[in-house]
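Encoded as structure tokens, the structure appears first; notes follow it.
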Amino acid sequence: RDERNQSIIVSGESGAGKTVSAKYAMRYFATVSGSASEANVEEKVLASNPIMESIGNAKTTRNDNSSRFGKYIEIGFDKRYRIIGANMRTYLLEKSRVVFQAEEERNYHIFYQLCASAALPEFKTLRLGNANYFHYTKQGGSPVIDGVDDAKEMVNTRQACTLLGISDSYQMGIFRILAGILHLGNVEFASRDSDSCTIPPKHEPLTIFCDLMGVDYEEMAHWLCHRKLATATETYIKPISKLHAINARDALAKHIYANLFNWIVDHVNKALHATVKQHSFIGVLDIYGFETFEINSFEQFCINYANEKLQQQFNMHVFKLEQEEYMKEQIPWTLIDFYDNQPCINLIEAKMGILDLLDEECKMPKGSDDTWAQKLYNTHLNKCALFEKPRLSNKAFIIKHFADKVEYQCEGFLEKNKDTVYEEQIKVLKSSKFKLLPELFQDEEKVLSPTSATPSGRVPLARTAVKPAKARPGQASKEHKKTVGHQFRNSLHLLMETLNATTPHYVRCIKPNDFKFPFTFDEKRAVQQLRACGVLETIRISAAGFPSRWTYQEFFSRYRVLMKQRDVLSDRKQTCKNVLEKLILDKDKYQFGKTKIFFRAGQVAYLEKIRADKLRAACIRIQKTIRGWLMRKKYVRMRKAAITIQRYVRGYQARCYAKFLRRTRAAITIQKFQRMYVVRKRYQCMRAATIALQALLRGYMARNKYQMV
């Protein structure tokens, strides 16, 4: 109606139901719009859900199907509002989950689906087993989700892949890489001394990993235990300690998984790409909810930062802009106080903020989590009311978010922000005979050159899956050197620009309890969430405010149908006032601003109903007239056709009658002559006989008379 692109922003705490709500919204669009082609695009859009859930969702203590990445899907429509395609953008995949899970949590669903399907004939070559056998899937101690059959979910995932055009060979390639990651996690290292380590000869997990990945065993074993250091004059190889080797192994596993994730997202986008020009789109944002655990690290920090930005966007749209517009339009209004989280966002992303200090520490040759923590204390402690230091720790900090206070442990922040992986390990993988594996690293060919390596001999790989764009020459390397935090901040700014360019609609998911119990409602927790996300203030504004507004020209254009010709004046504002006074008797239901008309809740719906009724009556009248004209035209055509048929039938009948008369006349003539001939012949016979008798009789009488004389 408004001719604007729309966005549906689904938000709430972890486990509140955002992913399911987003799926319901997408299912609704797919159902009511239909497809513009025979390719069943709407089915493909829905098929992206099981794929993305299997590779991007996991069980946490708060949620059995928690999204560990952000997702914004633009569903494209043509001018007739039928689905023609879609495009997906993803944000900050939680890569650390691939190698570590807290107690009672799981790795990504796809790993458990693979293990549950290990007995299938096509999976025999993957040499999989029970999830408790692999280090990367057993750490949480909870490999099974109640009520979920991982083997059945694998069938759904494979069907969705097929529907999206991922062939069986590519699917097996994906499963092969995933199985390789699991076997890589079981690779063990033996210490030689404090600064070097080795892998046992013919180590079975590494042998299986190399077989699946199609790489040389000796090369991979060597570079898992060594690294190359480059100086200004020479390059030399240095052994690494067991701890560093384990970290390098985990970094490699995370990197492979992240690249595979991006590759799958790209292929899903290719399958959903619109073949015709897009007229408009509706975006559905399903992003991770606010999180607070016993131990909160870099991932929770980024997740909560994203939620702060979304809350700010909500505040801007609902509170700030709303109330500012009332003031601008000189509408009588009493300002409503609301929580403004801009100071918290400044603490995170402003100059000398937490992210700024983190990036600065990452550039330091001897930067560490401890020195970064001290910088945070020196910069923000006692200067920012939202920043606190725990009493019993020098390696943690507390931020007062809009939803709750969260304590973050500094350990691992720098490493996760750098997101480093050894260059030589990537080179080994790129030399693989298995064709899918080098495809995953195609984007890094320029980036992973010796000249782009960091002084430590490692290459920062801080990829955040954002909408792909054409890069200028030399831009890839520059982008690649950015930290995870920097890229995540940029991708969030792009997301905010997209949301602000559309008409936003908000779905607030409220979590009934913190224990995943069904039919259990914790009133205090619900009110806390409603207050934290601004719903209570929104209700107050909706009750007191004017949620709908039209410019005078827009109102005139929309509701011209309700006006009579004599109501239309040259002054649009006066015209609108005159019409509204007739349509809505209660003057408190609307207000006239300088350039717009403001309506209380429900009034636009009332006007739309009147408009729809008027249009319906007009449609009925038009239909009546057209149907009468069509029926008359049909009657005239049928009458003309009937007369023509009658003319031909009557002509035919007349010709038949004339023929009958001619034949009758001919028959009578024939009968007449026949009868005449018969009668004349009989008469002639009788005459001849009579004459003969007369002759005989007269002769006889004459002779008798003669004799008597």
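Any Cβ shown, glycine's included, is placed from N, Cα and C.
Automated prediction, rather than curation, is the source of TrEMBL annotations.
As recorded in TrEMBL:
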type: DOMAIN; residues: 1-612; note: domain 'Myosin motor'
type: BINDING; residues: GLY12, GLU13, SER14, GLY15, ALA16, GLY17, LYS18, THR19; note: ATP binding site
type: REGION; residues: 492-514; note: region 'Actin-binding'
What number of additional C-beta atoms lies within 10 angstroms of the C-beta atom of GLY17 (ATP binding site)? 19
List, by number or range, the same-chain residues at least 6 past the region 'Actin-binding' (492-514) whose CB is under 8 A from its CB atoms? 2, 4-13, 15-18, 21, 25, 62, 72, 89, 91, 283, 285, 289, 305-306, 309, 313-314, 317-318, 466-467, 520-522, 525-526, 529-530, 533, 535
Show which residues of the chain containing GLU13 (ATP binding site), separated from it by at least 6 in sequence, have their CB under 8 Å from its CB. ARG62, GLY289, PHE290, GLU291, ALA403, CYS509, LYS511, GLN529
Other residues, Cβ within 8 Å of GLY12, GLU13, SER14, GLY15, ALA16, GLY17, LYS18, THR19 Cβ centroid (ATP site): ASN63, GLY289, CYS509, LYS511
LYS18 (ATP binding site) has how many other Cβ neighbours within 10 Å of its own Cβ? 25
Out of SER14, THR19, the listed binding-site residues, fewest other Cβ atoms within 10 Å surround the Cβ of SER14
Name the residue among the binding-site residues GLY12, GLY15 whose Cβ has the smallest number of other Cβ atoms within 10 Å. GLY12
DSSP-wise, what's the residue breakdown of the region 'Actin-binding' (492-514) into helix, strand and coil? 9 helix, 7 strand, 7 coil
10 Å Cβ neighbour count around ALA16 (ATP binding site)? 21
Per-region confidence, the domain 'Myosin motor' (1-612) (mean pLDDT, whole number): 85
